[in-house]
Amino acid sequence: MKRRLYLSSSSPRRKELLDQAGIPFDLVNAPVEETGLPNESPESFVLRMAVEKALSGFNKVPGKNVWVLGSDTIILKDGKVFGKPKHKMDAYRMLMSFSGEEHTVMTSIAIVNDGAVYSDVCQTNVFFRPISDSEFEQYWATGEAEDKAGAYGIQGQAAKFIEKIEGSYSAVMGLPLYELDKLLRESNFYSE
């Protein structure tokens, strides 16, 4: 019986990465409320979000031999969590706090299959070179900053701000492909 992978996400970057990896998938729309719990650690939060997205998607997909993938990304710097910017000044605050500094991108993935949950969190350290106010203005004008955790996309024009990374490029983009492949193997997605 044919196995199906469903992506419980509206992220164009996650779709692009699955296509790049050659993994056939369908989309399922299953949004969840992304609110932290009292005293929840950033790692626990990002992992819980991926699991909730996968479970929500799994509950909307009928049939057997179904694997549903959920994922979430946050950025952590100096104990603060950075999600998507709410407006231009929020994006400015985020990018200027990364300017000339290191921050950590945490991307979680969860796969739900017949009640079993497989999950992982990938952490990548990203080092930015200093960014000027005029560079921020130019970057903001591209529109890239608006829908991304930390107000930047590594695969876009913000790549010129990144001095180096320690970890997974695809995780910074939104979906750690090595960890995804590992979980798909653990969950017997590839088995005949």
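Every residue gets a Cβ built from N, Cα and C, even glycine.
What Swiss-Prot lists as site 'Important for substrate specificity' is R13, T73, Q155. Look at Swiss-Prot and you will find D72 tagged as active site, proton acceptor, backed by sequence analysis.
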With an 8 Å cut-off on Cβ-Cβ distance and a minimum sequence separation of at least 6, pull the same-chain contacts of Q155 (site 'Important for substrate specificity'), or say none.
R13, M173
What three-state secondary structure does DSSP assign to T73 (site 'Important for substrate specificity')?
strand
Can you give me the same-chain residues 6 or more apart in sequence from D72 (active site, proton acceptor) with a CB-CB distance under 8 Å?
E34, V46, M49, A50, K53, T107, S108
Helix, strand or coil at R13 (site 'Important for substrate specificity'), per DSSP?
helix
Just jot down the residues in the same chain as T73 (site 'Important for substrate specificity'), at least 6 apart in sequence, with C-beta under 8 A of its C-beta; none if empty.
V46, V105, M106, T107, S108, A149, A171, G174
